[in-house]
Structure formats: structure tokens, C-alpha cells
Amino acid sequence: MRQAVFRRPEIGDDNEMLRARLHAIWETAPGLKGWLGTVDHKEIGIRYIITAFVLLALGGIEALVIRLQLAGPDLHLLTPEQYNEFFSTHGMTMIFLYASPILSGFSNYLWPLLLGSRDMAFPRMNAFSYWVFLGSAIFLYSGFLVGAGPNDGWFNYVPFAEKDYNPGFNQDFYSLGMIFLGISTTVGAANFIVTAFKTRAPGMSINRIPIMIWGTLTASAANLVVVPAVSLAFFLLWMDRQFGTDFFQPAGGGQPLLWQHLFWIFGHPWVYAIVLPAMGMVSDGLPVFCRRPLVGHSLVALATVSVMILGFGVWVHHMFATGLPGLSLSFFSGASIIITFPSAVTVFAWIATIWLGRPVITTAFLYFASMILLFVIGGVSGFMTASVPVDWQLTDTYFVVAHIHYVLIGINVFPVVGATYFWFPKMTGKLMDERLGRWGFWTMFAGFNIGFLPMHLTGLLGMPRRIWTYPAGMGWSTLNLVTTLGSFLFAVGILIFFFNVIKSLRSGAPAGANPWGGSSLEWSVSSPPPPYNFAVIPTVASRHPLWEEALDESVARTSLTRGMTLDQGKEALHTSPMDAEPERIVATPEDNVAPFLLTVAMMVLFYGMLLKLWIVIGLGGLGCFAALLMWLWPRRNLLERAPPDRKEPVHG
Ligand code: HEM
Ligand SMILES: [Cu+2]
């Protein structure tokens, strides 16, 4: 039964007593139970970030092994079978276990702070999405460790992935692991969407939200639509393999091409899902160092949304070589080229912002600014492969490997490292070492270009991707050696970055609340932020709450020290989707270990399915049921919903 308790929100000033009270309410309990049960978005965000960086390191080690194998002609460091597993696991790790989760990590940590709220809309689902990410990563890697990792590339083409050609457990680990991981992505995406529309601070109308919110919001909307397609594809593949159905097997009337459609209608938008949030980080971070607002803020927001929408219409550019009718190729080629227009809007906005600002060259600035160059290089090679006749020459050569790495490393890894330099002080209260930062940046930047620029040439000279070795005399040997040396230099750059993180964590200079002079709400709270984020819910009156004085935007009306206190329990404020008018006070959930237990039960279930052991499947299913029961067990405090009295002024 729904029980509502109506009350007016208390309006008050930020003070020590209020803080102590909120602290007691919001703090995570100590010990194992608190650790497994926490629903604090900041802790979950940091776990996401650390886990994703560990996986980046694993994927990087695999890449270096690949590069050693390819350093010269006729090398035999890996067998062909091992090579298949290495590059497939490398791709899978980088795309699914690093690039996407790292952005979820930053967004989980930052969103409520950027939005002026106490937590995400569904904190327990947030915890659940992290645990499922971890569980599926362990599941996928357990296959690799027993020599049964994915071995048909990250896009896993049938019929190679069918049982006839691939009898081991490899593809079963991959299929089931991807379905498992899809649950995490979907839950996370739904959470982001509701969070963006319901939990913004009063006054943060839709035209005042930071670009990073737009980036993750559009990415989440896309994920919600396309992840089911790929989960379905992997499920059908699993059925083909385990029960002899013929979804993708031509012998039984199935369609191998169906796999490619299902995969790429997911795969292409996914690429935007791992770059748009990163572009958002740059759009929000760069202006801080340029000491001026982003040029064309609204245009960049619109460009972000248009890229995502157009992104749904271009998946066939991954299938130009499959023999589809010419007319559809023209259509998808045109659509792929049009997508560069909104992307260019963002690039020009960044250039104009640097041009018109007074840039302070910090390490974070270098990372953000370098993205512009790398994005342009990746964009140009993308423009080339979007053209059908050119693609027919280049597809499945190292040119494509060069292209994907400029896009993925240039537009995901560089901004993410920059974002770490930028927000590390907020997360830890310590500054990172700038001198080491510069060394790391230039090593990474040089290593990356030395390693990956020549791959364009190797590709133009005809070296196919996914070959485990090549004979001498093809004209590829020197280029490959340079690429390998560059890759190792790049890896040294990443190591310097990791080293800097650990060193600064131990002995970094204290950061203070706003070391860079940032303009958005997260910089208004202490570093690291208190468990409740904001003592009083801020009331926002412009796009740059912390710059209002300097920018002289009408009158400064943003209130950071007086507002709703919401200290009657674990409470948050929900506001209206467009104008962010206060709507109701909601009780947010207490810490709970059910999301963790549910994940453990799901792992049992998935291992049961892998081994086709019905008793294990049954146990896992029962476990899921029990954990869900625990999760959903009615608690009175969660049923309390109190709409605030709208006539009450929010601050005096
Ligand atoms: C030290 C850094 C890296 C090096 C040296 C490297 C090297 C390589 C090489 C040589 C291949 C081609 C394997 C082949 O086709 O035989 C490859 C494939 C790939 N890499 Fe990387 N890579 C690195 C980092 C990354 C990162 C950061 C990402 C993504 C965020 C990434 C995503 C991919 C993908 C998606 C593939 C395609 C795998 C497939 O064909 O199925 N790589 N990488
Ligand atoms: Cu694409």
C-alpha cells in the first residue's frame, strides 16, 4: 500500500550542525557489509574507474604481445590459435570492458555533483550495474584464462563462430558473457536517463546542463535501444551452438548476414556511445583552462544529439563488402558522410574556444587539446572508409586498424586520461604531479603517433588485419617494427600516468575545492565531496554557477549556501524534466547487499548455462529469486513520498 507523507521542505543555511547531521545519515557503514552494500554513486564511480583501468592494462598487455608477434616477419611467439584469442580478447576488453565502463565510471561519479543532487535516480540499480559489469568481466576473462577466450574477433562473425568451425567453449564464453554484460549496460542506461530528467537542481533547466550530461544521456538512450539487438544476436548464436537451431546457418536456411545486421545496428551506435561522453568531458573541461565558456554551447549540445540520431542510420558502412545492393550502399555511404557535419561543429567549437580564450597549459589541457588533432585524423580516415569504392580497397587491412585506434585511443583514451588529471583533485583532494604529467603526455602522444600513423601505410600496402604473421619481402617489415616500437613507447606513457596516479594519491599537494577555477557545481563542494554531496540543494540560475560574478550574466542568483536542507532521512529532490521545478522529495534507498548477491546468483546461472548443468542453472535461478526478494522487500521508509509545497520560496 502506498503511503504518502506530505511535508514542506525545510529551507536553511549551510552550517556545521546540518553537515554533521547529513553526514550521519549518508555515510556508508564501515566493514564488509558497507563495502558490499554501498549505493553511494561516488564509491561506485570510483570502483568502475579502477576496474576499467585494470582492464585497460590487461587489454594493453595483450596488445603488446600482439605487437611483439608482428614486430618482424615470420615470428612464432604465438600460435595462430593463440593469436586469434589474443586479438579477439584485446578488442573485446578494450571496447566492452574498458572504453564504455570507464565513461560510466566518470559519469556515475560526476553526474549528481554536476547536477546538484544527492545521488543517481536509482542508487541500488547503480550498484547493481557495477557488480554485473565486474561479474561479466570475470566471466569473460575466466574463458581466456582457461584458453577459451573469444577467438573470432570482437565482432564475432558467423559462420566462423558456429559450432562446426569453432567447437570449443570460446564462443560460449563470449556469447553468454556479452548477454550478461548487456544487463549492466541496460540498467545503467535507464538509470542515467531518469537521473538526467528528474534529479537536476532547481533552476537547472534543460538549456543549462553541461555538455557531458548530453554526451552520456544520448549514449544511454542509444544503448537502451541497441543493446537488446546484440544480446539477441548472441542469444541466437548460443541457441545455434547448443541446440542446433539455424538462425545463422545457411545449411538449415539461416542467414549469416542477419548476424552482421544485428551486430552492426548495435556496433555502430556503440562507437558513439564510447566517444560522445568523452567529447562531453572535453567540452566541459577545455573551457575551464581557456577561462571562458564553450563557444556555441547550444550548438554543441544539438550536435551531440544529432550525431547520435544519425548514428542509427549508418551501420551498413561496416558491411560494404558483403554484396548488398548498390542503392543501399549509396544511401549508407551518404549518411556516413553527413555525420561528419555535426562532428565538425563540435571540433570548431573547441578550436574557437581555445582561440578566443586565454589558455592555461596544464596537463589536462594538453590531453583535451590533443584530442582535436587526433579526432581530425580519425575523422579523415573515417570519411575515406565511408566512401564505398575506397572502402572496398581498404576493408580488412591495417588501414582500418589505424582508423579505429585513432578514433578509440584519440577520442576515448586521451580525453579519459585528461579527465583523470582534471577531476582527480575533486575525487581525492590531492593534485596530480604536473611535471610527471607532461612527461606522460608527450610520451603517450609521441608513442601513439609513431605507432599508429604508419599503420595507415601498412594498410595501403595491403597488409590484412587479423593475420598472425607475414613473410619478409612484402614491404611491411620496417613499418611493423616502427609500429611495435611506437606501441611500447605509448605503453610507457600509460605507465607514467598510472604511476602518477599512485604517487599523487600518496603525496600529492592538497587541492582545495576548486583548483582549476571551474564553473560547474561539483567545484563548489569540498574535495573529496562529503557523502551527501551538497549540504543544501543548490538553486541554479545560469550555465556557469561559479562564474556568474566574472561573466556578469545579468544578476548572480545561483544560491549555494541557502536552500532545501532535506535532512529528515536519506532524501533527495526530484524536479520537472524541462525546467527543473521542484516536484517532490523522495526517500532514497539505504545501502543493501542484494545487488551484490543478485550478481553472484546470476554468475552461477551463467556458468550453469555454459556447462549446461541443469542443477546449477536451477540453483542460480533460485538464488536470483531470493536476492530479488531481498531487494524488493517492502520497507516503509522507501514508500514515503512528499511533494514540496511549490508556493514556498526556495531561498530568501
Ligand atoms: C598499446 C595500445 C594498443 C595497441 C598496440 C593495439 C594494437 C592492436 C593491433 C595490432 C590490432 C590488430 C590485431 C589484428 O588485426 O591482427 C588491434 C585490434 C584492435 N584494437 Fe587495439 N591496440 C591498442 C589499444 C587499443 C585500445 C585502447 C582500444 C579501444 C579502446 C583498442 C581497440 C581495438 C579493437 C576494437 C581491435 C579490433 C580487434 C578485432 O579485429 O576484432 N585497441 N589493436
Ligand atoms: Cu560505424
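Heads up, the Cβ atoms here are built off N, Cα and C, so glycines get one too.
Keep in mind it's a predicted model, so treat the numbers as computed, not measured.
Taken from TrEMBL, the feature domain 'Cytochrome oxidase subunit I profile' covers 35-541.
What TrEMBL lists as transmembrane segment is 48-70 (among others). Residues 77-78, 83, 86-87, 89-90, 93-94, 97-98, 101-102, 104-106, 108-109, 130, 133-134, 137, 141, 413, 420, 468-470, 480, 483-484, 487-488, 491, 494, 498 of the same chain sit 6 or more residues outside the transmembrane segment (48-70) yet have a Cβ under 8 Å from a Cβ within it.
Annotated transmembrane segment per TrEMBL: 90-115 (among others), in sequence order.
Marked as transmembrane segment by TrEMBL: 127-148 (among others).
Annotation source TrEMBL lists transmembrane segment at 173-197 (among others). Sequence-distant neighbours of the transmembrane segment (173-197) (same chain, 6+ residues past either end, Cβ-Cβ under 8 Å): 88, 92, 96-97, 100, 104, 107, 111-112, 115, 117, 120-122, 125-126, 128-130, 132-133, 135-137, 139-140, 142-144, 148-150, 156, 209, 213, 216-217, 219-221, 223-224, 227-228, 230-231, 234-235, 237-238, 241, 577, 602-603, 606, 609-610.
Per TrEMBL, transmembrane segment is recorded for 258-282 (among others).
Residues annotated as transmembrane segment in TrEMBL: 294-317 (among others).
The annotation transmembrane segment is assigned in TrEMBL to 329-352 (among others). Long-range neighbours of the transmembrane segment (329-352) within the same chain, counting only residues 6 or more positions beyond its ends whose Cβ lies under 8 Å from a Cβ of the stretch, are 279, 282-283, 286, 294-296, 299-300, 302-304, 306-307, 310-311, 313-317, 320, 369, 372, 375-376, 379, 382-383, 386-388.
What TrEMBL lists as transmembrane segment is 364-384 (among others).
The feature transmembrane segment is assigned by TrEMBL to 436-457 (among others). Listed by sequence, the residues of this chain that lie at least six past the ends of the transmembrane segment (436-457) yet keep a Cβ under 8 A from its Cβ atoms are 362-363, 366-367, 370, 374, 377, 381, 398-399, 401-403, 405-406, 409-410, 414, 417, 421, 479, 482-494, 496-497, 499-500, 503.
Residues or ranges marked as transmembrane segment in TrEMBL: 477-499 (among others).
Marked as transmembrane segment by TrEMBL: 593-609 (among others).
For 615-633 (among others), the entry in TrEMBL reads transmembrane segment.
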Statement: If you count CB pairs under 8 A between the transmembrane segment (127-148) and each of 90-115, 258-282, 294-317, 593-609, the winner is 593-609
Message: Quick test of the contact rule: Cβ under 8 Å, at least six residues beyond the ends. What residues does that give for the transmembrane segment (593-609)?
response: 33, 36-37, 39, 124-125, 127-128, 131-132, 134-135, 138-139, 176-177, 179-180, 183, 238, 615-624, 626-628, 630-631
Query: In the same chain, who gets a Cβ under 8 Å from the transmembrane segment (294-317) while lying at least 6 residues past its ends?
result: 207, 211, 214-215, 218-219, 221-222, 225-226, 261, 264-265, 267-269, 271-272, 276, 279-280, 283-284, 286-287, 324, 328-329, 331-333, 335-336, 338-339, 342-343, 345-346, 348-350, 352-353, 356, 385-386, 391, 543
